[in-house]
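Written below as structure tokens is the structure these notes are about.
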Amino acid sequence: MSLSITRPRQIWPTLLGILLLALPVLVWLYVLQRYAVNVVMFDDYALLRFITHWANPATSWATRLSELLAVHNTHYIIYDRLVALATYYATGHINFLAMIVLGNAALLGIVWRLWTLFRELNLPVWAFLPVPCWVLSLQSHENMFWAMAGLQNFTVVWFVLESLYQLHRRQSLALPLGLGVAAVLTSGNGVLAFLVGSLVLLHQRRRGANGLIWWGITALVMLVRLTILPVNEHKTPFMNWIPNTFLSLGSGMTNQDARLLPMLAGVGLGGLLGLALLAWLFGLGNVGKRLQQQSTTNVLMAFAVVILATCLLLAIYRPTEDILRDRYKIYAHLALSVAYLLALSVMKRSWVRGLAAGVAAGAVAMNVAAFHASMPAVVAAHQLRQADAYNFHFYQTVVPLPYFRGPLDSLLLEAKQRDTYQFPVAFIPPTTWPTIALISPVSIRIAPDLTVNNSMIGFHPNVVNISQPTVPRVPEGPGGRGTYVVIEASDGKRFLMPATPAKSGFRHFLTSGELFHPGLSAGIFAKRFTPGSYRVKVLQVTDRTPRLYDTGQQLQIDGVN
């Protein structure tokens, strides 16, 4: 009997591939655990209001159920509310950190499903590297650290894709139906689980009881969607729908507001996915025949239809300037991933390694560039959350604009009284901060923001710009809180404002590993503060030890801002 000696040799490439795949996952997890905090932000207040009303003994069960099922804008967010309720009953408080973790777990679920499809291609493990580099990119940092956004924008994608995958397996209809209903209850585009699922059933020629059940529920879902939910008017003219669809598809190719490269990439991706769909449906040429022979193709094609349809919906219902927002780039990342897996499935074996190596190199470069470009925004958002927690803990306000101040502060006070939520305490009392004179002055300038034209915020409101180019950044992490601007009122109250770090050049980052240059910059709407005279100071917290630097400079805010 002969023993094979090739198997041990095959282990090392597999282990190396696993190590490569682990790198983007570990970086993503590290950033997530370092900057995610249990702090309410933006639309999270809708969930806090729901839980606070729910916890009020005077609230009837009819009102509770009505608020559970209520529409938020044009979306059902029943799933989000159920998760909020689960954290409340499990811990006694609503827990936004738990919701952040759950939302990001859905993103890992998407990567896992794409991995299982990739493994059916019998390719080297390392060839999967582009997918986690794209899907776990920090371009999606808005969704990563915003509880409600992650629960909606990540989870609805996982529900839809997993529903279609389970439908493809031709087993019991119960699981894909349950996932489809969950998708509908999570966000507006969750209805695609039923619409695209209907196409999957037609392609599978399942016209029996399963088909009738699925199409019946699909009709019911669409009836509810079109008759009960408010109609969301489109934000862009008809002639811009197709260009904006391409812009959405290619948005992962930029970390800025530039539109040419993402537009070109979107045209390429849209054309590639469209041609693949036609070739697969009609068996066109050798490519079409290979696509029809692959067991994974049906699922990937269903995923492609979901991506194309969602990008079209974004093009219709979101203004052009919103298309490139980080929260929507998950669909561009999925478009890249699906197109790549489809290319691997039809490529000649002799070409696969070359294609995979080239695409992997590009995906790694995109991931690193996104990390470099997005980290200042990640740090600034983290600081804003920490500042809100501090400001409310010591002064019972998160210093919002006057339009929001009454509703938000009163809601937070009610939540504190009912013990449904409390901000985490991240700073020692401000009266104990040791003060040091800051020799280098800061620049203080008040000017109108010409880009803001909003009835709630103001038409070109005045913004206080505070900057200092030489203050060294202090690390953030366990114990460290970073650098903040302090606005001290005449009565001694010290309000914290985030100080956005200055991003280093990309070449400097690659050669030195330093993400940020020294210095600080803060832009604050003047309307956050009542008219009067304030002192500007700089706070740095390292190893939980605060140092307050007094600039000796005054900030004068008048009544017209």
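Every residue gets a Cβ built from N, Cα and C, even glycine.
In TrEMBL this protein carries:
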- 12-32: transmembrane segment (TRANSMEM)
- 96-115: transmembrane segment (TRANSMEM)
- 121-138: transmembrane segment (TRANSMEM)
- 145-161: transmembrane segment (TRANSMEM)
- 173-200: transmembrane segment (TRANSMEM)
- 212-231: transmembrane segment (TRANSMEM)
- 263-287: transmembrane segment (TRANSMEM)
- 299-318: transmembrane segment (TRANSMEM)
- 330-347: transmembrane segment (TRANSMEM)
- 354-375: transmembrane segment (TRANSMEM)
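Long-range contacts of the transmembrane segment (121-138) within the same chain, counting only residues at least 6 positions beyond its ends with a Cβ under 8 Å from a Cβ of the stretch, are 13-14, 16-18, 20-21, 24-25, 27-28, 31, 107, 110-111, 114-115, 144, 252, 294, 296, 329-330, 333-334, 336-337, 340-341, 344-345, 352-353, 356, 359-360, 362-364, 366-367, 370-371, 373-375, 378. The transmembrane segment (330-347) and the transmembrane segment (263-287) are in contact, since at least 3 Cβ pairs between them lie under 8 Å (pairs 6 or more apart in sequence). It is 173-200 that, among the stretches 173-200, 212-231, 354-375, forms the most Cβ pairs under 8 Å with the transmembrane segment (299-318). Within the same chain, the transmembrane segment (145-161) stays apart from the transmembrane segment (212-231): fewer than three Cβ pairs sit under 8 Å, each pair at least 6 residues apart. Between the transmembrane segment (354-375) and the stretches 12-32, 96-115, 212-231, 263-287, it is 12-32 that has the most C-beta pairs under 8 angstroms.
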